[in-house]
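Peer 1: Got a structure for you, questions after.
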Amino acid sequence: MTQLPPQSGEGAAVKLGLVIDLDTCVGCHACVIACKGWNTENYGAPLAETDPYGAAPEGAFLNRVHSYEITPEDAPARIVHFPKSCLHCEDAPCVTVCPTGASYKRAEDGIVLVNESDCIGCGLCAWACPYGAREQDPSEKVMKKCTLCVDRIYNESLPEEDRTPACVRTCPAGARHFGDLGDPDSDVSQLVAARGGYDLMPELGTRPVNKYLPPRPKDDEIDVLAPLLEPVAQEPRGFLGWLDRALERL
Amino acid sequence: MHPAASLLIFTTASGLGFGLLALLGVGLPRFDGLSAWAFYSLGFALACGGLLASTAHLGHPERALKAFREWRSSWLSREAWASAATLAVMGIYAVLHLLWGLRVAPLGWLGTALCLGTVVATSRIYAQLRTVPRWNHWSTTALFLGYALSGGALLAGQVTAALLLLILTGGAQIAAWMDGDRRFAARRHSIPSATGLGAPGGIRQFEPPHTGSNYLTREMVFVVARKHVAKLRVIGLALAVLLPVGLLVLPFSHILAALAVVSHVAGVVVIRWLFFAEAEHVVGLYYGRDPVRR
């Protein structure tokens, strides 16, 4: 069924998703590896590689970390690491374009999934997604995407602390948070409210569930000890001073 | 976008085929006997060949029939239904005409409407994608219809109709190119809107997420062709519109008409190749490809 599930009343629906803190992410790519590791062994077809040890290795990933350099006019340049996976959009264009019903959004928790045995591998869902969240598996030829580790979060055979997506569980910096963004009182919703969490490409109207927390501004104030670190010799004196003046005169 | 050969053949051949069948449905040209057999065969061969080629694009062509399921939301599914219905209705119409010499006009009109509906559905597969601003416009549908009908008129030997349609389609194509060139900027997609970071010009990709390519960069961030866009547009338009128009205004001969058809088809292939190759997908922004600030 590739129509989107009917929206329940405001605030009533469960919307599971991630909150990604761009201030905290150190760009270690551990989430990429944890994601690939879990999802290659569990739900659905394994995530294949082509030419893994050759000259042009390539493969399917559900999560990738981009890095950007921001150069503000009034502040020093900075690097922001930017993990990106499926945002489990409320108005998910990847779901409605699917001709077979393989691509669907769950009514009970809003997770967008692919029923791989119905997927014909036409790739239209990947074309419809603005975020590059879907890739065709090079071996299985079906569309792969983030499942929000649906086989972990409800898995009662796992210890309770592991019932969270693999990327969140592994993040050493605590830059990834998982929870119900449909509940305004949940930890993740509070975090989004406190830190000004935002949507990616809001102009496309996809209404992503996942939110991004902006990097905090760097401290403007110069440390009180800084004046003590000023260079002692502003003007060269002694031999260096003579050399400086002599070279000037040449 | 990556201009896959299967999609080029699909859109070009099925467009021509359904264009020709649309004219045959309203009784143009008025032939019977062997000539009629030839026209119907050509129409069905092009339409079916195009549809078959489209399945080569699928990762799992053996599951292609599942694409009939979601007609309520998916244009690809509607395209499947429309093409199947068109082939069925036009098939019955053709059989009645060829075997019993019966032209059931209302059935033909229905077939024509379905042919046009199929071309509209095909175009909507692309035009619906908000992620590709160049396609996301009604002009995509208008042009798919324009090329289908002008190609159909050329194949059906309808000189006056073909001249008129070719000139109209050529003009519409130029307008669509000019408008399409501005649309990405007009929609205000940018690396800052994609990432929520920085200001235009104040942010760039520092390093990509991986050293090699991936499905997305090959499929969506295709840029090889853009170097020669201006030349290819001129070549495409010259072959698809100008040369056929020139050949049609000359005194009629079968050789010139055949040349006009060949030239038109070659031109449409070039233009359709550009249609895919030129399309900028917003996901390119995440890979540092901002078509507005190249």
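Cβ coordinates come from backbone N, Cα and C, glycine included.
Dumping what TrEMBL says about this protein:
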TRANSMEM  B:7-31  transmembrane segment
TRANSMEM  B:37-59  transmembrane segment
TRANSMEM  B:80-100  transmembrane segment
TRANSMEM  B:106-126  transmembrane segment
TRANSMEM  B:138-155  transmembrane segment
TRANSMEM  B:161-178  transmembrane segment
TRANSMEM  B:230-249  transmembrane segment
TRANSMEM  B:255-275  transmembrane segment
Peer 1: Sort out the residues at least 6 away from either end of the transmembrane segment (B:230-249), same chain, that have Cβ-Cβ distances under 8 Å to it, and list them.
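Peer 2: Distal contacts: 147, 154, 159, 162-163, 166-167, 169-170, 173-174, 177, 256-257, 259-261, 263-264, 266-268, 270-271, 273-274.
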Peer 1: Report, as numbers and ranges, every residue of the chain located at least six residues beyond the transmembrane segment (B:80-100) whose Cβ falls under 8 Å of a Cβ in that stretch; write 'none' if there are none.
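Peer 2: Those are 14, 18, 21, 24-25, 32, 36-37, 40, 43-44, 47-48, 51, 67-68, 71, 107-108, 110-111, 114-115, 117-118, 121, in sequence order.
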Peer 1: Residues sitting near the transmembrane segment (B:161-178): Cβ under 8 Å, six or more positions beyond its termini, same chain?
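Peer 2: Answer is 28, 137, 139-140, 142-143, 146-147, 149-150, 153-154, 233, 237, 240-242, 244-245, 248-249, 260, 264, 271.
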Peer 1: For the transmembrane segment (B:7-31), give me same-chain residues lying six or more residues beyond its boundaries with a C-beta closer than 8 angstroms to one of its C-beta atoms, as numbers and ranges.
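Peer 2: Residues 39-40, 42-51, 53-54, 57, 83, 86, 90, 93-94, 103, 105, 108-112, 115-116, 118-119, 122, 144, 147-153, 155-158, 161, 265, 268-269, 272-273, 275-276 contact the transmembrane segment (B:7-31) from elsewhere in the chain.
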